[in-house]
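Features reported for this protein in Swiss-Prot:
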{"type": "BINDING", "residues": "CYS70, CYS72, CYS85, CYS88", "note": "Zn(2+) 1 binding site"}
{"type": "BINDING", "residues": "ASP461, ASP463, ASP465", "note": "Mg(2+) binding site"}
{"type": "BINDING", "residues": "CYS808, CYS882, CYS889, CYS892", "note": "Zn(2+) 2 binding site"}
{"type": "REGION", "residues": "1367-1387", "note": "region 'Disordered'"}
Amino acid sequence: MNELMKILGQGGQSLSFDQIKIQMASPEQIRSWSYGEIKKPETINYRTFKPERDGLFCARIFGPIKDYECLCGKYKRMKFRGIVCEKCGVEVTLAKVRRERMGHIELASPVAHIWFLKSLPSRIGLMVDLTLKELEKILYFENYVVLEPGLTDLKLHQLLTEEQLLNKQDEFGDDAFRAGIGAEAIKSVLEGIDIDEDKVRLRAELKETTSETKRKKLVKRLKLIEAFAESGAKPEWMILDVVPVIPPELRPLVPLDGGRFATSDLNDLYRRVINRNNRLKRLIELRAPDIIVRNEKRMLQESVDALFDNGRRGRAITGANKRPLKSLSDMLKGKQGRFRQNLLGKRVDYSGRSVIVVGPEMKLHQCGLPKKMALELFKPFIYSKLEKYGHATTIKAAKRMVEKERPEVWDILEEVIREHPVMLNRAPTLHRLGIQAFEPVLIEGKAIQLHPLVTTAFNADFDGDQMAVHVPLSLEAQLEARVLMMSTNNILSPANGKPIIVPSQDIVLGLYYLSLETPEFRNTPDDKAQAFGTLGEIEAALHARTVTLHTKIRARLHTVDDQGSPIRVRVVTTPGRMLIAQILPRHPNVPFALINKQLTKKNVSDVIDAVYRHCGQKECVIFADRLMGLGFGQAAKAGISFGKDDLIIPAEKQEMIEKTAGEVKEFEQQYQDGLITAGERYNKVVDAWSRCTDEVAGAMMKEISKQELGRPINSVWMMSHSGARGSPAQMRQLAGMRGLMAKPSGEIIEQPIIANFKEGLSVLEYFNSTHGARKGLADTALKTANSGYLTRRLVDVAQDCIIVENDCGTERGLTVRAVMDGGEVVSSLSERILGRTLSEDVLDPTTNKILYPRNTLIEEEHAEKIEKAGIEVVKIRSVLTCESTVGVCGHCYGRDLARGTPVNIGEAVGVIAAQSIGEPGTQLTMRTFHIGGAAQRGAEQSSVEASHDGIVTVKNRNVVLNSQNVAIVMSRNCEIVLADEKGRERARYRVPYGARLLTDEGAQVTRAQKLAEWDPYTLPIITERAGKVEYLDLLDGVTLVERMDEVTGLTSKVVVDYKQNARGVDLRPRLQLKDESGDVVRLSNNTDARYFLSPDSILSVENGAEVNAGDVLARIPREGSKTRDITGGLPRVAELFEARRPKDHAVIAETDGRVEFGKDYKAKRRIIVKNDETGEETEYLIPKGKHVSVQEGDFVRLGDPLVDGPRVPHDILKVLGVEALSDYLVNEIQDVYRLQGVKINDKHIEVIVRQMLQKVEILDPGDTMYLIGEQVDRLEFEAENRKREREGERPAVAMPVLQGITKASLQTQSFISAASFQETTRVLTEAATAGKVDTLNGLKENVIVGRLIPAGTGSVMNRLRRIASGQDEAKGVGQETPRLSGQEAAE
């Protein structure tokens, strides 16, 4: 057996393993790996090209250069295998051992390992309790360190300079104390550390310490020491006595032509180390002066540093061409490093690439493959068939036949290709639909033919795109390609569950033309329409031109009733629609009414969706193919095209522009008169112009979409309306007006471009528009890179999220309701619960009976019923509340969107979620505007209009009537709710503080009626009582200045930022109201009528003026919103996923209570929220410049903002909990995608959020070994607590923490996955000191070690392996996994 093993060249160790451990190597281990010491820096002899003995390429140490041949040539051939040549000392064996065997260098003086020294926090520094600066001084021979103070006044580990040392030695004598320098000194300190004793001591210190900084330091040190104790490593191993040398084949030396050599940088670095080491040895032997030896030691330390991580300390060592040398760390790092270049991204053979062209006569599951390519790709299969059929006797003969392209080769190629799918891929592969399998059809020419319907999935077009072809070789691969990746199996998009195989462009136009509704059609009464009995008659009439495609006819339609038996019905329709009906599958749930209308792109998509849901996949594919044929055919026949005259400029354009210009003049005048500020004027101008642009666009659309008898329908409108090409925004610029432009900085130029492209732009207009356009191009380039990086981070954080079981049995879930925005339903309840599992029974509100029990998977019909029943809130299961230990369970995930069925075990939902969110990333803008640079920004909302008829209720109503008897809203969180007759909520609107309320409780309103209005550009401060104004702390020149506007010459009183001024530090500018008797007026909430003024407030009343209730005392301008400086688009999504704190964020109340203002600090204001019931107070410090949105005495609720601004996700989690956080993140991210019209299912975002919530922070350790403030994995924490409870001890208490995706990826359980993501050296250093074990649970780790991934079909293999090993243990067999018998495999 042993001999056999030797022949097969099997290594001693078994290749099957379940986990990988990383640890520091001890010097003994390094020596045991080594096959010999390297003593000389030489590489190879430049005359003979043979490696030098004992050099870096030595054959004696590393093995022979040629297979089974020693260096001197005494022993050749297999028969001498295993013999060591006595002349040259080389073992006769395979040359590939030069890839495996290592050597070592014995160092004359120990050196510190740079990873453990410089990687922050410095591990060596933590162990010996010195700072990195101090350590470097010792290691690089600048200072001595006291090792044993003896009876002197020195402290242990005190640093001494050379002079101080000599002085102390003179003072106390040479032997009174011991001091050392260099790595030896550090090593002796490390050797003196007793780990177990330290552990106990530090824990005791932790219990006693009170200072926070000290605690943090102790915790860090304790963690490190515990890691060492657990992994069994010794601290002194961080100092190296031996340096390992990697195998020579991994740092090759390649002869180039012309007698020169190309060598790996590592050889240079090793040579440096060896040279310096040898020199040091010699100097020590010669008893050279201390200073020389010390310098040499320092140089040795530097050369070893450069070998491990060049450039980490000091200047990088450079080669001959001034380029820094690539060290061992650089080999692992970055995109070109070992992890990402070779382990995660390998190149494959049996592949080719070519340009794609359209192949409309293909079936959906086919692609056209050029014969030339197929011949090359399927070579091995062809060779085997040629031999099998006896056309060729040997492989060589077969090869020759193929090269000559003999006729029989083509026949065999046809046979080989039949039923053998190939995979097509288009870069960039942004989601899994970027690789799909097709059956090849051989074609002439050199371009690959692609079916038009799959272009959406590949995001391909035919303007020169290229695609790659890959051949699945093994039977299993072919099986997976056919069953899982075939284009016919990928009809629905995994991102939103809608069909992705939808017709676009020409096909849509053709179908739209077929199903047009012309004015003639509308004007013909039904009974006057011609009647036809069969389709044949209709076709004959069309041929004879007695009817057109769009004439109204009555026809007999063959269809099925609800039971599915064939019936005939009469329908009123057009011949064109009958042609579509002919290809529609017959099914009771796919009625003719579905296509008996004008088919736009969206309608066609709905038809395909319905066919897929009710008739199944096969029918759907056939239908889609026929639809495509019909659409293309009709588009060609229709001959729709347009000329310049089809773009009609509305006649009213001129007067609209004149009207707006008049308004702008008026604003200018108001500004001159000092009624408004410059910022307000700018805002109003911009608003007026954007309204004008919209009106012109509206007029143009109205003009173009006019349909009259006898006049052909406008082609441009048909293209836009059908969804084939062009959007109203583009048409606006062609025939309306171009509108406002933005400067690159994001500000809007207030002079709009009045012309459109048809009229042509003036020079100035053209120049203004190039601004935005050029910026758009620059942005696109940035966007692609940013979007790719976001996707990469998402994949990395979610890659180990896999469906592991069917049901975790949790009772928890999330509450979902429809998403409203400004009274419009943006995402209905049925949309949000579709494909999810109920976590509670749903009750019918009228009868109170159970409609659907918990754990029902909501299908389309369920969702419709729930919405019809008027249910507004449903509780569903979610991955966020799933209790599976590794991965998530099927019930909590719900429906697999790409298949429309419950999700399978083993589905890699994490990666799917990451791709679904990342793939549309390139469509998101980098900023909030762009349509060829044209600024888009809605006129600021300044009123609320009813979106439905209904009855008004006002939530949190708190109003005062002003002198004109108008109700002014005084509440900070007032909402108007519209309900229908049954009392169901139809819409809900936020009404800001200071708005004029135009309706009231219980009023009946009609659609589009104004409910409230306000000034969008200022925040008012309003009084709720009448009285006399008194200024407090408003000192001229300190807190108050009179600003005079240069243009208008008018003055206004403005509160200035007073904290810069020494006199103003303690002042708190405010207004107060007094009544006739001179007392301060009391407000309704029983506080004094005092109003605090924040900087930039403009006073509207004079000191001593009389005011009425509802009057404005002061106003704070909202500054000229630059194209709304909210981070939009991609950066916003990244900001949310990275859980960054936005700048100028909101401060939210952590308890319910009343607001009080405490004593101010120098630069901060103190707000206290006092809970009336419990009496507890929470304090918030707010920088003085910020505008506080509450007044003294206001009542705030948990989670209400005290300072306006974007909310911080961490605060939401802390105050309101996980459900509120998920709600916030899901809605915020969806808002960004919705703006671009991208649909993504909520569950994908939830999967990512789940991964961001993996860690908890310990608040109270109980009887566990955790430390306060430590971050622990949630699962680990829960397991530990269960253990403690079983043993009757106190469990730990913790709170969830939200981590950004980058941080979460770097802190996964698997160090392999983290190291291959980012910051490789840091991750590996951490893992090595802790002696981490990677259990290979995620996808990435398994790809890196070259296994099948534990998802999809790989998860089945995994299960079988587990069953098998379980059986083995039961039988007591060894670890070799037996081949499963058919019976076991079936289990």
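Positions of Cβ are set from backbone N, Cα and C atoms, glycine also.
Taking the C-alpha atom of CYS88 (Zn(2+) 1 binding site) as reference, the shortest distance to any of the binding-site residues ASP463, ASP465, CYS808, CYS892 belongs to ASP465. Using Cα positions, the member of the binding-site residues CYS70, CYS72, CYS85, CYS808, CYS882 nearest to ASP465 (Mg(2+) binding site) is identified as CYS882. Ranked by CA distance from CYS808 (Zn(2+) 2 binding site), the binding-site residues CYS70, ASP461, ASP463 have ASP461 at the top as the closest. Other residues of the same chain near the Zn(2+) 2 site, with their Cβ within 8 Å of the Cβ centroid of CYS808, CYS882, CYS889, CYS892, are GLU805, ASP807, THR810, ARG877, VAL879, THR881, GLU883, SER884, VAL888, GLY890, HIS891, TYR893.
Annotated Mg(2+) site ASP461, ASP463, ASP465; additional same-chain residues within 8 Å of its Cβ mean position, judged by their own Cβ, are ILE356, ALA460, PHE462, GLY464. Cα distances from CYS85 (Zn(2+) 1 binding site) to the binding-site residues ASP463, CYS889, CYS892 are smallest for CYS889. Other than CYS70, CYS72, CYS85, CYS88, the residues of this chain whose Cβ falls within 8 Å of the Cβ centroid of the Zn(2+) 1 site are, in sequence order, LEU71, GLY73, LYS74, TYR75, GLU86, LYS87, GLY89, VAL90. When the Cα atoms are compared, ASP461 (Mg(2+) binding site) and CYS892 (Zn(2+) 2 binding site) turn out to be 38 Å apart. For the binding-site residues listed here (CYS72, CYS892), the lowest count of other CB atoms within 10 A around the CB belongs to CYS72. A count of other CB atoms within 10 A of each Cβ picks out CYS882 as the most crowded of the binding-site residues CYS88, CYS808, CYS882, CYS889. The sparsest Cβ neighbourhood within 10 Å, among the listed binding-site residues (ASP461, ASP463, ASP465), is found at ASP463. Fewest other C-beta atoms within 10 Å: among the binding-site residues CYS70, CYS85, that description fits CYS85.
DSSP gives ASP461 (Mg(2+) binding site) a coil state; it is part of no helix or strand. The secondary structure of CYS70 (Zn(2+) 1 binding site), as reduced to three states from DSSP, is coil rather than helix or strand. Annotation note: CYS889 (Zn(2+) 2 binding site) sits in a strand segment as assigned by DSSP. Here the C-alpha separation of CYS882 (Zn(2+) 2 binding site) and ASP463 (Mg(2+) binding site) works out to 47 Å. For the pair CYS889 (Zn(2+) 2 binding site) and ASP463 (Mg(2+) binding site), the Cα-Cα distance reads 44 Å.
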